[in-house]
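First the structure, in the form of structure tokens, and then the observations on it.
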């Protein structure tokens with residue numbers, strides 16, 4: 001075993017291995033290692049403090065493939081050593097270089113998990129390859145370690161975000177195709193921006209067109225953390241380009257940085273930007289992109305519809321349960337034997353002298369049951385539940401509730417003993433029915449007014465509001 005003093009004494013010999021790495025002479029490497037077997041080990045122990053990098057880093061930078069293969073055979077652990085400049089691995093350096101696919105393949109054979117390592121800037125080799133548009137290298141990474149594509153930078157950016165920020169259109173297209181199952185298209189960075197937000201902010205027309213052509217696979221109305229959709233960002237970039245904002249007032253989000261650059265463009269570049277603006281606006285309108293206020297309203301409406309559907313389902317289920325029980329267990333119960341002109345299992349109430357009362361109870365109960373079951377059927381049918389659809393369900397439930405109330409009133413009247421004074425009961429029922437009818441009229445009148453108000457049209461409604469002097473008139 002070599003002690004510390006021996007390593008210090010032989011450290012100058014270590015310099016030769018870096019010279020060999022620059023030249024890429026594998027034969028000289030073998031000769032050097034025959035003289036000093038610990039030369040490569042010393043590079044790892046010394047952590048490349050003299051040259052800031054290991055011989056493997058240098059071999060990768062100089063694109064010496066055979067030399068690199070020889071080093072990896074002798075000391076594969078060098079593939080894990082990071083340099084002292086940016087804490088980059090040899091794989092980071094290879095990912096940044098064009099035509100380095102064979103080197104990347106060799107490094108991945110030895111240490112495939114190094115594609116998960118982040119450098120000083122918080123970037124993995126995949127991020128470096130995306131920044132430099134190294135498409136073939138990225139494909140190789142993803143084929144070997146697919147989950148590495150999910151790694152993010154310190155700002156929460158994916159490889160797709162970096163492609164957009166560095167204008168790597170072809171790389172973006174390739175990545176979108178091969179990462180279809182990783183849900184990267186709609187991923188958001190630490191500011192909540194998707195790749196589509198960035199493409200619009202950077203005025204990358206072709207990228208915007210490509211992303212919007214993905215159809216349902218990409219959400220073109222998602223909001224970032226500042227509640228801005230891509231249409232809002234388009235409007236903001238357009239406004240801030242026309243108005244000369246003070247740079248000190250601009251915040252440090254990615255798209256606002258672009259606005260600073262837009263303020264320094266020449267006249268020709270400004271014209272180019274206006275053409276891009278028009279093209280992007282046309283693309284956004286053609287794909288039904290919305291502003292945040294409309295997205296929030298739609299979200300609010302969807303939440304309201306969901307709550308209404310839940311409430312309607314609960315009420316309909318309760319009425320259906322009650323009506324079903326009245327149907328199979330009629331008021332007064334059923335006969336238990338076959339004698340005196342009746343049959344077991346038939347309703348006692350149906351043999352009463354006032355058969356009409358029994359018919360009224362059963363008809364109203366059946367109406368309540370079928371109305372509530374109809375609501376349940378429509379809710380579980382999968383049909384789109386818009387506002388008018390919910391209104392139809394409400395009206396159906398009004399009928400069901402009214403029928404259930406009628407069933408209750410007639411049943412109570414039947415079950416009350418004739419010897420007891422029914423005057424108080426009849427009076428209570430009359431008042432209840434009267435209140436019920438007035439309540440129904442108020443509801444119908446209110447909905448009627450609302451329907452007329454909606455039919456007036458936006459401009460006419462504004463005129464009515466102005467005449468009435470009520471800004472918050474509903």
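Residue positions begin at 1 at the first shown residue.
Placement of Cβ uses the backbone N, Cα and C atoms for every residue, glycine included.
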Which range of 334-356, 357-379 is transmembrane segment in TrEMBL? It is 357-379
For the repeat 'ANK' (155-187), give me same-chain residues lying six or more residues beyond its boundaries with a C-beta closer than 8 angstroms to one of its C-beta atoms, as numbers and ranges.
122, 126-127, 129-135, 138-139, 142, 146, 149, 193-195, 198-199, 202, 204, 206-207, 210-211, 214, 217-219, 222, 254
Pull the DSSP breakdown for the repeat 'ANK' (191-219) and write it out as helix, strand, coil residue counts.
18 helix, 0 strand, 11 coil
